[in-house]
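To start, the structure itself, in structure tokens.
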Amino acid sequence: MAIRVLIVDDSATARTVLKDVLSKDSEIEVIATAPDAYVARDKIVQLKPDVICLDVEMPRMDGISFLKKIMKYFPTPVLMVSSLTQDGAQVTFDALEAGAIDYVAKPHSNIYDGIDEIQKELIQKVKMVASSNLSARIEAAKAKTSTLEYKPKATYSLAQTTNKLIAIGASTGGTVALAELIARFTKDTPGVVVVQHMPSGFTNSFAQRLNSLCEVEVKEAEDGDIIGRGRVLVAPGDLHMVVRRDGGNYRVKLGTGEKISGHRPSVDVLFNSVASHVGSNAIGVLLTGMGSDGAKGMLKMKTSGASTIAQDEKSSIVWGMPKVAYEIGAVDFVEPLSNIDVKIASLLSERK
């Protein structure tokens, strides 16, 4: 049976283009479109779509407010369609925290001219959103309310070197999962490096958002940054990030290079470098995400002596990357998101 999609966008042009693109795939049926939240509400009640493609900026009621109502009254998997701008990034994170499964960034140019850039991604993500774990998404949104409270900022010092290192990879659902996990880290947590699949315009905003909520320092990585205790470095969008040993320190190195496992930044690229340069002093964590990026790299980390943790299926929005890692024997521990920080602390205490 085809995936039944409702498109909600105030632009008639956007509605037409999105419908034309999605209708090209035989597994997707666009059952209706709506110009605003009020028309969309009636369509949802009447048609009960499998997936809603929702524009962020709309008249009468903005996309975030409407999204919250959808999650409360008509829980349905939602794919946000947002502009790739600084403001667009902030609103997109609001949407993900409010319950959206994922997002697609609208083309910079005229949507007619730029639709080819996102056609494959749009179709792929509609299918992924349709099969996602909506109950885990709703629980994650609830957990966000209790977890993401302001915490006093620890003062980071470059003198705080780290001999242990935590490497984390995530994709779909990862922004909320990372926020919940990193909010539990303290100033004494070993240095953390993160790859979250995200466009280049979004990663700095994401890091700043986490930094305002967490005790540890969170920043978008810059080439040559030192990895230190109480510090979390997030790989910039569209750049690979690797770890290198530099005397008594670990540093990150950024570069372009080809996409690996379909992504740049790639979790596999990060994990492979951690396996080579950190070995048994590392802990690898693979969170919710579509695809297989990070699985082979995690296996290499495990082979090098690192401990490895995968998020469990029940708490994952999309159990893709962790599942593949588990299936190839790369995972030591499968944990719910709420217990991953506890497992990390336990592993660190064992290795003192």
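Glycine too: its Cβ is placed from the backbone N, Cα and C atoms.
Per Swiss-Prot, these features apply:
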DOMAIN    4-121  domain 'Response regulatory'
MOD_RES   ASP55  4-aspartylphosphate
DOMAIN    159-351  domain 'CheB-type methylesterase'
ACT_SITE  SER171  active site
ACT_SITE  HIS197  active site
ACT_SITE  ASP293  active site
> Going by C-alpha distance, which of the recorded positions ASP55, SER171, ASP293 is nearest to HIS197 (active site)?
Replying inline: SER171
> Hey, how far is ASP293 (active site) from SER171 (active site), Cα to Cα, in Å?
Replying inline: 9
>> Rounded to a whole angstrom, what is the C-alpha distance between ASP55 (4-aspartylphosphate) and SER171 (active site)?
In response: 21
>> By the count of other Cβ atoms within 10 Å, pick out the sparsest of the recorded positions ASP55, ASP293.
In response: ASP55
> How would DSSP class the residue listed as '4-aspartylphosphate' in three states?
Replying inline: strand
> When you measure from the Cβ of SER171 (active site), how many other Cβ atoms are you left with inside 10 Å?
Replying inline: 27
>> Please list the DSSP helix, strand and coil residue counts for the domain 'Response regulatory' (4-121).
In response: 58 helix, 28 strand, 32 coil
